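Asker: OK, Swiss-Prot features for this one:
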- 8, 60, 91, 155, 257, 258, 259: GTP binding site (BINDING)
- 15, 19, 22: [4Fe-4S] cluster 1 binding site (BINDING)
- 21, 64, 115, 189: S-adenosyl-L-methionine binding site (BINDING)
- 252, 255, 269: [4Fe-4S] cluster 2 binding site (BINDING)
- 1-229: domain 'Radical SAM core' (DOMAIN)
C-alpha cells in the first residue's frame, strides 16, 4: 500500500462563490453550525497528537473557502510551527487573497493553489455565480499578490466544463510559458452538482493534452508534487502543466491522503463515502488522542479496499450525500 502521509483539512464549509460544479446557486445548502465546526485547538490536537504520530507530514488547508475562517492565519502558524510538518499548503478561490497573502506567508505558508476556471471575466462570473457583480478582477489581484509575496510554486486549478470554458484550455496553458506557474486541469466530477455532470459530462484530460501538444509540443515534467497530477511542460516554458484525471484514469494506487471535513469527519477516499469516522465527537466525548489514533490507523489499513478504483461510490443510490465544499475537496 502507498504510504499515507498527507492530510487535507477543511476549515469551513462556507464559500463566497457558488461555482456551478460545486455549490450551484439554486441548491439548498445546510451549512454546519459554527459550534459544530472543529475549533482551532481541536485541529491542532488532531494534527499534533493523532496524525503526526501516524507518519503524516504534509497538510493542506481547504474549504469551502478557507480564507473565510476567522483564524486561518493562526491555524497556518500553528501547523507550520510543528517540527514534523514538512509541507503545508492551502487551496483558495483567491478572492480574499490580496489582503491576506502577506500574513499567510509570514505565518509560514509557502505553497498555494488558486482556482481559476477562466481568463474571461464574463465566463468566470458565469461559472462562480457572481450574483450581479464581477469578481474576476479581485481574484486576479489575489493571484498577483501571491506571486508578489513569494509563494512558490503557485498553482492554478482549472475545472474544465464542456461548453463553458473548454475553449480556453490553450490560453490557460499559455500562462506557464512566461511565469513559473503550475496550471492543473482537473476533470469535472459528479460531486456537488450531479445534474450539471449528467448534462455536460466531462472531458478526458487526454484530449486536453492532445490539444496542448498539437499547439506547442509537450514534454513530461521533471518534478512531481504531492498529489496525483501527471505533470508536463511546454518546451521552453518556465512553469508546468498538470492533469488530474480522477474520472478517466485510475490513480488510486498513488493516493497518499485522507480528508478531514470541517465538522470533523475523516474520509479515506474523495469518491467513495465508505468508512468515514467522526473525530470531532470522539474528541468532545473525552476519548484520548491515543485511542483516536488507533481508530485512524485501522482506517488507513482499510483504505486500499475503499479507494474508488472499483468505481464504488459507497452510496446506495450513486448520489453523494456531501458536496465538495462539505468534504474539503
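Keep in mind that glycine also has a Cβ here, set from the backbone N, Cα and C atoms.
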Asker: Under a criterion of Cβ-Cβ distance under 8 Å and sequence separation of at least 6, what residues of the same chain contact residue 115 (S-adenosyl-L-methionine binding site)?
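Answerer: The list for residue 115 (S-adenosyl-L-methionine binding site) reads 19, 91, 92, 93, 94, 156, 157, 158, 159, given in order along the sequence.
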Asker: Around residue 8 (GTP binding site), how many other CB atoms lie within 10 A of its CB?
Answerer: 22
Asker: Would you count the other C-beta atoms found within 10 angstroms of the C-beta of residue 19 ([4Fe-4S] cluster 1 binding site) for me?
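Answerer: Around residue 19 ([4Fe-4S] cluster 1 binding site), other Cβ atoms within 10 Å: 21.
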Asker: Judged by the number of other CB atoms within 10 angstroms, which among 22, 252, 255 is the least packed of the binding-site residues?
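Answerer: Minimum Cβ neighbour count within 10 Å, taken over the binding-site residues 22, 252, 255, occurs at 252.
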Asker: Taking only the Cα atoms, work out how far residue 8 (GTP binding site) lies from residue 64 (S-adenosyl-L-methionine binding site), in Å, as a whole number.
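Answerer: It is 12 Å, counting Cα to Cα.
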Asker: Taking just the CA atoms, what is the gap between residue 60 (GTP binding site) and residue 252 ([4Fe-4S] cluster 2 binding site) in Å?
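Answerer: With the alpha carbons as reference points, the distance is 19 Å.
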Asker: Long-range same-chain neighbours of residue 155 (GTP binding site), Cβ under 8 Å, sequence gap at least 6?
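Answerer: Those within reach of residue 155 (GTP binding site), by Cβ under 8 Å and sequence separation of 6 or more, are 111, 112, 113, 114, 181, 182, 183, 184, 242.
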Asker: For residue 255 ([4Fe-4S] cluster 2 binding site), name the DSSP secondary structure in the helix/strand/coil scheme.
Answerer: coil
Asker: If you count Cβ atoms within 10 Å of each one, which of the binding-site residues 60, 257, 259 comes out on top?
Answerer: 60
Asker: Looking at the binding-site residues 21, 22, 269, whose Cα is closest in space to that of residue 259 (GTP binding site)?
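Answerer: Result: the closest of the binding-site residues to residue 259 (GTP binding site) is 269.
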Asker: Taking residue 257 (GTP binding site) as the reference, which of 15, 21, 22, 64, 269 (the binding-site residues) have a CA within 10 A of its CA?
Answerer: 269
Asker: Considering only the binding-site residues 64, 252, 258, 269, which residue has the minimal Cα-Cα separation from residue 22 ([4Fe-4S] cluster 1 binding site)?
Answerer: 64
Asker: Would you list, in sequence order, the binding-site residues among 15, 252, 255, 258, 269 whose CA lies within 10 Å of the CA of residue 64 (S-adenosyl-L-methionine binding site)?
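Answerer: So the list is 15.
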